[in-house]
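Over in TrEMBL, the protein carries these features:
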type: TRANSMEM; residues: 27-46; note: transmembrane segment
type: TRANSMEM; residues: 52-74; note: transmembrane segment
type: TRANSMEM; residues: 95-116; note: transmembrane segment
type: TRANSMEM; residues: 122-139; note: transmembrane segment
type: TRANSMEM; residues: 146-164; note: transmembrane segment
type: TRANSMEM; residues: 184-205; note: transmembrane segment
type: TRANSMEM; residues: 226-247; note: transmembrane segment
type: TRANSMEM; residues: 259-279; note: transmembrane segment
type: TRANSMEM; residues: 291-309; note: transmembrane segment
Amino acid sequence: MGHSDQLANNGKHNKLKDYLQLTKPSLNIMVVFSSVVCYLMAPKVVDNDWLMITLLFIGGFLVTGSANAINQAVEKDTDAMMKRTSKRPVAAGRMPVSEAWIFAVVTGVVGCFILGYFFNPLSAGLAAFSLFLYAFIYTPLKKVNAVAVLIGAFPGALPCLIGWAAGNDSVFENGHGWKDYGGWALFGLQFLWQFPHFWAIAWIAHKDYTTAGFKLLPAEKGPTKFTALQTIIYALLLIPVSILPYILGLTSFQGTKGIICLALVVISDLFLVWQCVRLYNEMEAKAARRVMFSSYIYLPIVLLALLAAKY
């Protein structure tokens, strides 16, 4: 292989890497994971059809990737100011804004098409609505007011309803009684989870966010006892909401497996509350980091425990 061919291959590799980075793959996979779990939780889904699971994953990944690409195109200047985000493709100048927008449009349209064609129009519509909320409401609002975190929690939790709609063809009564409302319980779980999770991140990256002009903490002057108290409140609210799928009959706590799954959910709830209380008492970045990591492991453990309790 000649030197010019090697350079061309390296260029293609770097371009693909940049496109992948536009989608924020780590965050994206976590979001799509919750959508897939909620799809499998739906009463109408009685077996693991891996083709449909794969299609849901791809469709969800593309739509979420589209929203993240728009976010990076819009925030290229502020991303360039922050150490954590300065190496993103658009912020670093490796990709023009127009190219990021083209990528976002293509992935968004293809992702919504996959959801609409292989599942139903409702899941595609919810995905498009989530994309709109995140990219065009939450993203610009971050520089205006901390209420952006509340607004952003809606598109952050909608993947649960998208997965549920894909599996159940509805987000309301659909022949299974109270079970059909389980999607809203899962939506509520992911909605509330985002507050301690995101405020812990905002606590750690407060200086960077302030430099970029973002207003993301409940108290504008920075990390305070009030912020720590808010994380405790939302972590406490997770306890009844995480048990709601059991109350609705979506999951069962009968038998050894059911009891173990319920115990995992409750222990995860209490562990997250404990870390938030430690943040309130210590008021240090290392305590916020513990909340952040606790929240990272909380969601997959609870969702998988609830899923295991269904079957």
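Just so it is clear, glycine is given a Cβ too, placed from its N, Cα and C backbone atoms.
What TrEMBL says about a protein is an automatic prediction, not a curated fact.
Long-range contacts of the transmembrane segment (259-279) within its own chain (CB-CB distance under 8 A, at least 6 residues past either end) are made by residues 196, 200, 203, 228, 231-232, 235-236, 238-239, 242-243, 246, 251, 253, 287-288, 290-291, 294-295, 297-298, 301-302, 305-306, 308-309. Among residues of the same chain six or more beyond the transmembrane segment (122-139), those with a C-beta under 8 A of the stretch's C-beta atoms are 59-60, 63, 66-67, 70-71, 74-75, 104, 108, 111-113, 115-116, 148, 151-152, 154-156, 158-159, 161-163, 165-166, 169-171. With a cut-off of 8 Å between Cβ atoms, the residues of this chain six or more beyond the transmembrane segment (291-309) that come close are 30, 33-34, 37-38, 40-41, 186, 189-190, 193, 196-197, 200-201, 204, 231, 242, 245-246, 250-253, 257-258, 261-262, 264-265, 268-269, 271-272, 275-276, 278-279. Counting only same-chain residues 6+ beyond the ends of the transmembrane segment (226-247), those with a CB under 8 A from a CB of the stretch are 41, 182, 185-186, 188-189, 192-193, 195-196, 199-200, 203, 217-219, 253, 262, 265-266, 268-270, 272-273, 276-277, 279-280, 283, 291, 302, 306, 309.
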